[in-house]
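Visitor: Pulled the feature table from TrEMBL, pasting it below:
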- A:Cys346, A:Cys406, A:Cys409: [4Fe-4S] cluster binding site (BINDING)
Amino acid sequence: MSKTLVEKIWDAHVVKSEEGFPDILYIDTHLIHEVTSPQAFDGLRKRGLPVFRPKQTVATADHNVPTLNQLLPIKEELSRYQVDMLTKNCAEFGIELYGLGHPFQGIVHVIGPELGITLPGKTMVCGDSHTSTHGAFGAIAFGIGTSQVEQVFATQCLLQSKPKTMKIEVNGELGPGVGAKDIILYIIAQISAAGGTGYFIEYAGSAIESLSMEARMTICNMSIEMGARGGLIAPDQTTFDYIKGREFAPAGEEWDKALAYWKTLYSDADAKFDSVLTFDAADIAPMITYGTNPGMGMGIQEHIPATAAQPETEKVSYKKALDYMGFDDNASLIGKPIDYVFIGSCTNSRIEDLREVADFVKGKRKADNVTVWIVPGSKQVEQQAKNEGLDKIFEAAGFQLREPGCSACLGMNEDKIPAGKYCVSTSNRNFEGRQGQNARTLLASPLTAAAAAVTGKITDVREMLEKVEG
Amino acid sequence: MLLSIPYLILINMKKFTKLTSAVVPLNIENIDTDQIIPARFLKATTREGFGENLFRDWRYNGDNTPKPEFVMNNPTYSGQVLVAGKNFGCGSSREHAAWAIQDAGFDAVISSFFADIFKGNALNNGLLPIQVSDDFLAQIFKAVEQDPKSALEVDLENQTVTIVETGAQESFEINPYKKSCLINGYDDIDFILAQTKLIEEFEQAR
């Protein structure tokens, strides 16, 4: 019987399937961090249980950590306590921890791939909704709640109903200045912040196939922003080349064996998806969001859709969002002054993102009205950036290169955007207060963020690229 | 008909069978988990106490004074049922959102659409997410607008929700396994633990 990629991986991990019950799904790799794990460890203690397969769990500290002076004790008491608790819990239950100061520390969704922990065909979970990132390698990866973190600790399994499958094809060639972040913001704007709910999405088509692994991760990362449990891309030579030689990747005979299996991981030609959507890459412009959910995005030259044009039941929520942002119906955002630029998060903090930004800002300087934070996704990304001299380019441009963590994506540490200020951010959520109380977030690609940093206002990066090329 | 489920240990999760209550209406769509419980309150390492920060930034000003226009600060509205616009609980996987709603005294949330992870988290804590049609949701909001004391009856066994005053009723879907868990106060870990042998066999066969 022909199967989709999701079905192939799912079926290979079902321990038990019984009518009326969710499947018992075996989890290959469990990633944990300081914020969503403490209550799960407590649950184990209450039940008197060990972690069933501690070697299949990897921990790091990312959500709550400062991005300056990481080797000093964390100043904020509750954050310090939570990070210390992770260290204590990992020691007690025998879990490998890449904590602050460790050369592998970083955002959980950045370190998994770069260490070769994330592999095709795996099932992976983490108490974080952006676990969908790992799907870029052709893995089933999704976010879970803390009760489920405890389930995986206790049994290395999860009770899960098999999801519906959706295929999103993006074909053709991207225009200049348009990248993976624009593709995914475009798709979400097309199908809304709830359009993928209940589905696992497989991204396919020539525009997806031509992307690097970093770019594929950006796409899969934001699957959750349209409500999908996860998103994935069939592994190919780009995937295999990325994995080979990484710290924990299979090597030697194991590599050959793994590769043979990975090459079977694709949706069969006649496999049936519950839903199929197709987009043309040529229709995608650099994107920017104007509202308070990631579905409220538009091409940067477009005008904000009018409240009157929204469905009746959605008008109140829509108006509330525009009021929060301080934007009017039909307004253009081009030329709108901004205050902060944040380049980071599990969506866009990989070396390729930093290189793209550095390449663009080389020889330029940030506008005086803008504060720019670049927060690398991991210690390894930070080190690589320094090895390549990107730190010098950022410094000359007035961009501040910080230490790794989730940072201003959710403002759990001190990296918060002040009330009322506008931040062009390469992160994944523009929710009210996400980056700080009453902060206003405009989601965009690293390139669009870099352009805004230089001009101090919302800018169509294509105009600046043309100048360079001309 | 309830499933007969093999369990290893019974844990005292909150049981849910039936309730009749007034509701707290929040007619806003796409309420994300950052609104339900902002990230700065996720530093606690226990499950308790999140209720006081439920909808923190909608409920309180920066100086911690209550915002009188927010429904939870209006004494006219009370009850164990939160009713919200579609796509409730989107965004982050933080289970703290379900804990906060429950800690604030709610036993059920009604919406015309729930985000997946939130729905799972709610069920895992004995907080019942009830998905109704857009039309029925509109009827509930209308009933509460006309009379803030309008009550709903939620019957999990029969999977129905009824607007007491008008008698309007709709049935809702729930996975039979999760239904059984809620009614009996069981949780998933007990269920999977009873299958440990199968899990070990699965590992050996790979």
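Residue positions begin at 1 at the first shown residue.
Placement of Cβ uses the backbone N, Cα and C atoms for every residue, glycine included.
Just so it is clear, the model here is predicted, and its values are computed rather than measured.
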Visitor: Checking A:Cys346, A:Cys406, A:Cys409 - which of these binding-site residues have a CB within less than 8 A of a chain B CB?
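Guide: Listed binding-site residues meeting the cut-off: none at all.
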Visitor: With a radius of 8 angstroms around the mean position of the C-beta atoms of A:Cys346, A:Cys406, A:Cys409, what other residues of the same chain does the [4Fe-4S] cluster site pick up?
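Guide: Near the [4Fe-4S] cluster site, the remaining chain residues are A:Asp62, A:His63, A:Ile107, A:His109, A:His130, A:Gly344, A:Ser345, A:Thr347, A:Ser349, A:Gly405, A:Ser407, A:Leu410, A:Ser427, A:Asn428.
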Visitor: Identify, in sequence order, the residues in the chain of A:Cys346 ([4Fe-4S] cluster binding site) that are 6 or more apart from it along the sequence and have a CB within less than 8 Å of its CB; answer 'none' if there are none.
Guide: A:Ile107, A:Val108, A:His109, A:Val110, A:His130, A:Thr133, A:Asn221, A:Gly377, A:Cys406, A:Cys409, A:Asn428
Visitor: Please determine which of the binding-site residues listed here (A:Cys406, A:Cys409) has the lowest count of neighbouring CB atoms within 10 Å.
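Guide: Per-residue Cβ counts within 10 Å for the binding-site residues A:Cys406, A:Cys409 bottom out at A:Cys409.
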Visitor: Please state whether DSSP places A:Cys406 ([4Fe-4S] cluster binding site) in a helix, a strand or coil.
Guide: coil
